[in-house]
Amino acid sequence: MLLGAQWGDEGKGKATDLLGGSVDYVVRYQGGNNAGHTVVVGDQKYALHLLPSGILSPGCTPVIGNGVVVDPSVLLSELSGLNERGVDTSKLLLSGNAHIITPYNVTVDKVTERFLGKRKIGTTGRGIGPTYADKINRVGIRVQDLYDESILTQKVEAALDVKNQILTKLYNRRAIAVDQVVEELLDYADKLAPYVADTVLVINQALEEDKVVLFEGGQGTLLDIDHGTYPFVTSSNPTAGGACTGAGVGPTKISRVIGILKAYTTRVGAGPFPTELFDEDGEALRRIGGERGVTTGRDRRCGWFDAVIARYATRVNGLTDFFLTKLDVLTGWEQIPVCVAYEIDGKRVEELPYSQTDFHHAKPVYEMLPGWSEDISKAKSFSDLPKNAQSYVKALEEMSGAPISAIGVGPGRDETIQINSFL
Ligand code: GDP
Ligand code: IMO
Ligand code: MG
């Protein structure tokens with residue numbers, strides 16, 4: 001399993017793609033098209049939102065699990081975009097139990113954010129939260145509902161009954177017509193039909209046959225609805241447990257849990273971020289790291305590496321390995337600050353505080369590590385790295401609580417130093 005150890009955008013897409021050549025299945029288990037995963041293959045760059053990054057590896061079967069929320073129009077346009085570029089997408093499997101992001105979920109996401117004003121979460125506006133809310137409220141629409149018009153109509157009616165009251169009376173918006181929604185959804189039915197499958201059965205049978213299955217998380221640990229910086233989180237479980245419910249596999253089946261960890265920290269949207277920089281160092285990280293959102297095009301907030309968060313990610317996910325990404329971006333700093341603990345109300349705190357108030361007050365305690373100026377993008381092994389870069393990696397490993405098994409030194413597939421095998 002592979003997941004984000006920070007606030008998303010750690011480089012999960014690249015890591016998944018790298019492993020794609022040696023695995024049989026890549027499964028997305030949560031989130032939706034709020035994700036933006038970049039994969040660079042040769043001179044080709046792909047931005048994937050809903051499709052598992054394994055789709056670019058010909059031998060690999062990509063699976064969208066039951067825990068994902070699916071916007072059919074986005075899925076179909078992502079598929080046709082890849083087809084136009086010569087990528088074969090015919091192996092895709094889509095869970096019949098995955099929930100559908102309907103047009104009214106997108107509307108509710110946008111109006112809710114507007115209503116929250118300065119208290120807004122800064123969502124991607126893709127309808128993610130409202131769709132998961134409908135799922136939990138038991139008024140959601142699932143992929144399988146597209147194949148029974150009468151049930152679909154009843155379910156859309158039930159969902160819109162309350163929503164139209166809220167939209168018209170509270171938000172002063174126009175009511176959404178049931179027929180129009182049903183018609184639009186039915187239009188997707190035939191187009192999606194070739195992909196719909198009992199993915200839980202398929203994945204478990206594959207595991208019984210000793211096939212290699214990789215679960216690819218969207219977002220990251222600190223955006224987890226249970227373990228993240230609530231309420232500034234996404235509405236699903238990107239953490240390791242989410243893969244079990246979101247794909248229908250037992251925890252005994254998971255052998256490795258790889259945390260993707262950026263050599264510094266970024267975050268998109270609102271919420272606390274202790275090591276955030278507002279100076280020219282932050283600007284430089286953003287510029288050199290190309291830290292602009294793949295989904296919304298927003299500038300990412302940037303800051304130094306936070307070992308407290310990395311330790312926390314190790315714990316809540318039971319990480320067996322880290323994949324450290326974007327080490328190349330740190331080239332050129334004379335000294336690199338790393339947050340080793342927080343100071344909260346005058347006290348030194350070594351672990352992530354569970355209280356939101358404390359976390360909002362957390363100030364980073366920095367240790368300075370010596371930097372390097374040599375270009376590292378061509379490094380193929382750990383010993384190719386300058387001594388100070390090696391020490392930086394070793395220091396992060398020591399602080400973070402799991403071995404760093406691979407290091408990214410550039411966006412391309414082969415710009416990776418593999419230290420331990422992941423398989
Ligand atoms: P994801 O959401 O976790 O898949 O990450 P994103 O794709 O949103 O953001 C990561 C960005 O960093 C993308 O532009 C990647 O191409 C790029 N990237 C990934 N690994 C590396 C690396 O090791 N070095 C550099 N310079 N860029 C990387
Ligand atoms: P990947 O998979 C970074 C953030 C949004 C917002 C919060 C809630 O590319 O790492 P949502 O639309 O999910 O309800 O928004 O979560 N967010 C992400 N930030 N990377 C992502 O995905 C994100 N997906 C959601 O910016 O703060
Ligand atoms: Mg991303």
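The backbone N, Cα and C atoms fix where each Cβ goes, and this holds for glycine too.
Of the residues proposed, Thr112, Thr153, Thr234, Thr314, the one TrEMBL records at the same IMP site as Asp9, Glu10, Gly11, Lys12, Asn34, Ala35, Gly36, His37, Thr124, Arg138, Gln219, Arg298 is Thr234. Candidate recorded positions: Asp9, Gly11, Leu327. Nearest to Thr296 (substrate binding site) by Cα distance: Asp9. Within 8 A of the CB centroid of the substrate site residues Val294, Thr295, Thr296, Gly297, Arg298, Asp299, Arg300, the other residues of that chain are Gly36, Val268, Arg292, Gly293. When the alpha carbons of Gly36 (Mg(2+) binding site) and Thr124 (IMP binding site) are compared, the span between them is 11 angstrom. With respect to Thr295 (substrate binding site), the closest of these binding-site residues in Cα terms is Thr124, chosen from Lys14, Thr38, Thr124, Gln219, Val409. In this structure, of the recorded positions Asp9, Asp299, the smallest number of CB atoms within 10 A of the CB marks Asp299. For the binding-site residues given as Asn34, Thr38, Thr124, Gln219, the lowest number of other CB atoms within 10 Å of the residue's CB is seen at Thr38. Once Cβ contacts within 10 Å are tallied over all protein chains shown, the binding-site residues Gly8, Gly11, Gly36 are led by Gly8.
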